[in-house]
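S.K.: Take a look at what Swiss-Prot says about it:
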type	residues	note
BINDING	Glu15, Leu16, Glu75, Asp280, Lys350, Arg357, Arg358	N(1)-(5-phospho-beta-D-ribosyl)glycinamide binding site
BINDING	Arg107, Lys148, Ser153, Ser154, Gly155, Lys156, Gly157, Gln158, Glu188, Glu189, Phe190, Leu191, Glu196	ATP binding site
BINDING	Glu261, Glu273	Mg(2+) binding site
DOMAIN	112-302	domain 'ATP-grasp'
Amino acid sequence: MTAFPRTVMLLGSGELGKEVAIAAQRLGCRVIACDRYANAPAMQVADTAEVFQMTDATALKEVVQRHRPDVVIPEIEALAVEALAELEQDGITVIPTARATAFTMNRDQIRDLASGELGLHTARFAYASNAAELKKVAAPLGWPVVVKPVMSSSGKGQSVVQTPEQLDQAWEAAMANARGTSNQVIVEEFLEFDLEITLLTIRQRNGETLFCPPIGHEQERGDYQCSWQPAQMSDAQLQQAQTMARTVTDNLGGAGLFGVEFFLCGNEVIFSELSPRPHDTGLVTLISQNLSEFELHLRAVLNLPIPQLTTAPAAASRVILADRELKTVAYEGLEQALREAGTQVLLFGKPNARPNRRMGVALARGEDLSEVRAKADRAAACIQVLDGSARR
């Protein structure tokens with residue numbers, strides 16, 4: 001039997017990390033929240049906070065070695081992954097593994113693994129290390145194409161390119177938003193897909209893999225805007241997605257929840273990307289499931305049982321975005337947003353705002369998907385993100 005409390009360190013303290021911290025504390029864990037800026041959302045509910053550049057390998061190793069947590073849970077992509085590998089060799093448990101974190105931080109590594117080594121169905125793709133090479137490799141894929149940095153997060157630096165003349169601009173956008181030291185992009189054929197889904201995949205230490213009902217979602221500028229559960233797909237498509245998700249997560253190893261993304265194109269299921277942690281589209285599970293994706297992640301990480309997973313007939317989420325730069329923030333409209341039954345609003349507690357920054361999410365549940373999607377949209381539309389300095 002494992003004794004509690006356990007010490008959990010979060011590398012990344014945004015809105016997803018905040019929910020992981022809350023789930024961990026409900027299980028009696030001590031939480032250390034780390035990020036590059038002070039007062040990040042998870043720090044507001046953690047026992048201890050550490051502020052440092054997590055791309056700095058020396059700083060990262062010093063903080064982890066000083067606290068010696070039972071588990072280290074990466075929550076963002078911008079990390080010194082080489083330091084995680086060294087820490088793992090020194091006996092620190094990295095979730096799910098240091099290798100999984102490194103692979104999924106780099107689009108080229110996870111794509112080469114999925115398409116090359118594991119034979120999963122992906123969009124056609126190529127890599128380029130400069131603008132001239134990008135023009136050469138993009139043309140055979142047909143137009144339009146999608147250009148992304150191999151290292152970035154939340155869709156940053158992603159462009160849909162309609163003509164060859166737009167490739168220089170796409171290259172500049174990718175380089176301006178790339179994470180780390182990479183100067184490479186991945187260019188993909190543009191898929192005319194019917195639906196994007198996330199399959200939350202829970203890999204347990206007992207070897208059993210569980211799946212949440214699929215989550216449909218829509219993106220703008222590479223960022224999630226809304227999600228709903230369950231996504232409508234055939235049994236055959238779901239079986240294909242589960243088989244691919246199990247294949248890739250088994251290869252990456254470790255324990256925890258993975259967000260595995262797919263495109264549905266007709267009867268085809270095409271692997272897109274993977275996050276070795278709770279997924280932003282999975283925020284809907286806070287209202288849709290008896291155990292949210294954050295609780296499921298912690299149970300798998302801490303080797304706790306998951307005896308039953310139940311889901312509402314229909315649930316949906318809609319993000320709440322800022323529309324301008326704000327040094328401090330305040331909110332209006334919460335009373336109106338919560339008037340409908342089966343509705344919740346989460347405001348993440350981010351200390352400042354910028355255009356299109358995700359500041360919160362509206363959640364709704366009910367019996368009908370179209371009904372709950374509209375209800376979440378109405379609730380989100382009620383919330384205004386305002387200048388906090390004028391309201392003190």
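Placement of Cβ uses the backbone N, Cα and C atoms for every residue, glycine included.
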S.K.: Near Arg358 (N(1)-(5-phospho-beta-D-ribosyl)glycinamide binding site), which residues of its chain come within a Cβ-Cβ distance under 8 Å, counting only those 6 or more away in sequence?
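M.R.: Once residues fewer than 6 apart are set aside, Arg358 (N(1)-(5-phospho-beta-D-ribosyl)glycinamide binding site) is near Glu15, Asp223, Asp280, Val319, Ile320, Leu321, Phe348.
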S.K.: Just to verify a number: CA distance, Glu188 (ATP binding site) to Glu273 (Mg(2+) binding site), in angstrom, no decimals.
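M.R.: Pair distance, Cα basis, whole Å: 13 Å.
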S.K.: Of the binding-site residues Leu16, Glu261, Arg357, which one sits closest to Gly157 (ATP binding site) when you measure Cα to Cα?
M.R.: Arg357
S.K.: How big is the gap, in Å, between the Cα of Glu75 (N(1)-(5-phospho-beta-D-ribosyl)glycinamide binding site) and that of Glu196 (ATP binding site), rounded to a whole number?
M.R.: 22
S.K.: Can you grab the distance from Lys350 (N(1)-(5-phospho-beta-D-ribosyl)glycinamide binding site) over to Glu261 (Mg(2+) binding site)? Cα atoms, rounded to a whole Å.
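M.R.: That separation, Cα to Cα, works out to 27 Å.
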S.K.: Starting from the Cα of Glu261 (Mg(2+) binding site), work out which of the binding-site residues (Leu16, Phe190, Glu196, Arg357) are within 10 Å.
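M.R.: So the list reads Glu196.
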S.K.: Cβ neighbours within 10 Å, counted over all protein chains: which one of the binding-site residues Glu75, Glu188 has the most?
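M.R.: Counting Cβ neighbours within 10 Å, the top one is Glu75.
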S.K.: Quick one: pull the CA-CA distance for Leu16 (N(1)-(5-phospho-beta-D-ribosyl)glycinamide binding site) versus Arg107 (ATP binding site), whole Å only.
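M.R.: Spelling it out, the Cα of Leu16 (N(1)-(5-phospho-beta-D-ribosyl)glycinamide binding site) and the Cα of Arg107 (ATP binding site) are 21 Å apart.
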S.K.: Work out the three-state DSSP category of Glu261 (Mg(2+) binding site).
M.R.: strand
S.K.: If one looks at the chain holding Arg357 (N(1)-(5-phospho-beta-D-ribosyl)glycinamide binding site), which residues at least 6 apart in sequence have a CB under 8 angstroms from its CB?
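M.R.: Spatial neighbours, sequence-distant, of Arg357 (N(1)-(5-phospho-beta-D-ribosyl)glycinamide binding site): Leu321, Ala322, Lys350.
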S.K.: Would you count the other C-beta atoms found within 10 angstroms of the C-beta of Asp280 (N(1)-(5-phospho-beta-D-ribosyl)glycinamide binding site) for me?
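M.R.: The Cβ of Asp280 (N(1)-(5-phospho-beta-D-ribosyl)glycinamide binding site) has 21 Cβ neighbours within 10 Å.
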